[in-house]
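Pulled from TrEMBL, these are the features on record:
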{"type": "BINDING", "residues": "108", "note": "NADPH binding site"}
{"type": "BINDING", "residues": "193", "note": "L-homoserine binding site"}
{"type": "ACT_SITE", "residues": "208", "note": "active site, proton donor"}
{"type": "DOMAIN", "residues": "357-430", "note": "domain 'ACT'"}
Ligand SMILES: NC(=O)C1=CN([C@@H]2O[C@H](COP(=O)(O)OP(=O)(O)OC[C@H]3O[C@@H](n4cnc5c(N)ncnc54)[C@H](OP(=O)(O)O)[C@@H]3O)[C@@H](O)[C@H]2O)C=CC1
Ligand SMILES: N[C@@H](CC=O)C(=O)O
């Protein structure tokens, strides 16, 4: 409950791990400044963790293992959730919001799976729900989409939104590090999720892609609507092959607005590794940095860049939201939530227009090229470049296509697998940039 005399807002912190610890540090170390910016003191009234009895460098009297009890306690004004996962976090936040507590969350998995339920609870409780930290760590991207670009029409978002996979791919590219070694480093640095499968299999990026697409296109996109591929199949040979083409491999999230044949609109949202020309603005985004490239009708192209993972960068975004919800609360106001009014059709991946880089082990005989080219032609897929590496039994053909539907490209790969002269389809990867759709 807001104390009008003392002007203190009481904060329940759910989670005290990589991000939570930094939230505590920032609130404590900037206490006076935050009080001046908010107009009231932000006081941490309790901290929920899973395992009690550990020294966490915080006042032990604040610790509890009853997150739900803390979130709905009468004296709590603001709830910060930095635990992660769907349940029990959803139940805690729904009950806190219905009880009128303003909520700040970094939980992209929950927001992408069931943001609608949280928004309904926020509306029922007349409370704020802010989640800037859920996408791209410290980078302010959700607020620009929700506010600054609200008068424009966004057509496309291309992003690197997972720090762990970008760290792994950048290390493989620049130092030749192995996949597992780089993943261990990313985990040690606090970038990876509690279960890093969420990072390397693309679930984390897909959740962020769903949140970005929902805000950019004013429609409901959930994680289940996002085509998702991770980076576990990316090999050192793929990275070297990309390098030979003047490209680098990145895990991209791509959200596009389309005009359908009947004049209506649809959106496609996908996450997959892709070869990107080194001249592309996203190609130079290394380490655990993230970047989001936004294209809009009037604004043109914008790029948002910064630290996308790690305790302190993420806590920076959490604190920004905390100040915003605290101010709203003092003003007796609530931010107008984004409406999914556009209700756009979600296009399946098969309809997306992409390009493929295909590497084949072939028998180096006369007519091989013609047979391979015919397989592409049967699917109406046009080849942009083709080159042969090696000779005889070691011959490899590398083909890069022009843009075609993903369905036609996938069918081409299946047809190539059936050709007797193709010993092995060594790798298939999409290519982004460098050609209009
Ligand atoms: N790390 C990052 O770079 C970023 C993380 N995020 C998101 O922020 C959230 C937190 O991430 P992070 O700090 O890395 O995660 P951690 O795993 O480091 O911390 C999670 C915290 O939640 C606590 N917790 C887990 N289950 C419960 C439970 N049932 N009841 C009470 N407390 C519980 C844990 O307690 P205990 O300490 O006892 O285990 C721990 O303190 C996630 O949603 C993540 O996706 C967003 C952007 C970046
Ligand atoms: N595991 C995530 C953390 C931030 O969202 C990542 O690597 O980007």
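Cβ coordinates are placed from backbone N, Cα and C, and glycine is handled just like the others.
Annotations in TrEMBL come from automatic prediction, not curation.
All chains included, 28 other C-beta atoms sit within 10 angstroms of the C-beta of the residue listed as 'NADPH binding site'. When averaged over the domain 'ACT' (357-430), pLDDT in the model lands at 93. Residue 108 (NADPH binding site) sits 11 Å from residue 193 (L-homoserine binding site), taking the C-alpha atoms as the reference points. According to DSSP, residue 193 (L-homoserine binding site) sits in a coil region rather than a helix or strand. You'll find the Cα of residue 208 (active site, proton donor) roughly 13 Å from the Cα of the residue listed as 'L-homoserine binding site'. Compared over the recorded positions 193, 208, the count of CB atoms lying within 10 A of a residue's CB peaks at 208. A helical conformation is recorded for residue 208 (active site, proton donor) in the three-state DSSP classification.
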